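Notes to accompany the following structure.
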Amino acid sequence: MAEGPLEAPFWRKGLLVAGLDEAGRGAWAGPIVVGAVVLPPGEYPFRDSKLLSPKARERLAEKVKEVALAFALGVAEAAEVDRLGVLKATLLAAERALLSLPLAPEALVTDYLPLPTPLPLLSPPKADEKSPTVAAASILAKVHRDRIMDELDRLYPGYGFARHKGYGTQEHQEALLALGPSPVHRKRFAPVAQAPLRFPEAP
């Protein structure tokens, strides 16, 4: 962030800026989670969650909650991803996160997510590397989603959700072939669609 954070022009105008980022878009199983964070103007140690160890993410998630003016999470379940597609489900989770914020933001920054909004919006690629609010949102989203996947691992043992968090790995592929898709797998994704059905179909 050598050139200054993305939200700096909004901060200079005195606007409340919400950063949004998601976790789980490319996973084969589990929800998409979007974090929304409003930070006061300043400098922060927050980085893209993908660059952090799980322990560092947990520690920084607590820091985000301490310093944020507001934060919220929105979730789109696997069934909604199947019904709507990845982009629309991500936008739905983002809408839920924004509606859950206790403060109404006056400008938005996202990581290449084209939110339909009347508010001023910056949505460049790799915004989580250039914006502390987006990085903070990515940390909250990732930590929350990891906890969901840990719980799903207990509900649906054998898939390795606690290890791969629902993403495509050889272990996950082999579990799908052996067990078939679980109720929290995304049936639209080819590796899931091609696996033999063992669980009853949801109504």
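FYI, residue positions are counted from 1 along the chain as it appears here.
Quick reminder: no glycine exception, Cβ is built from N, Cα and C everywhere.
Checking the candidates D82, D111, D146 against Swiss-Prot: the one annotated together with D21, E22 at the divalent metal cation site is D111. Other residues of the same chain near the divalent metal cation site, with their Cβ within 8 Å of the Cβ centroid of D21, E22, D111, are L20, A23, V34, G35, T110, Y112, L113, A127, D128, V134, A137, S138, A141. Listed binding-site residues: D21, E22, D111; maximum Cβ neighbour count within 10 Å falls on D21. D111 (divalent metal cation binding site) carries neither a helix nor a strand DSSP state and counts as coil.
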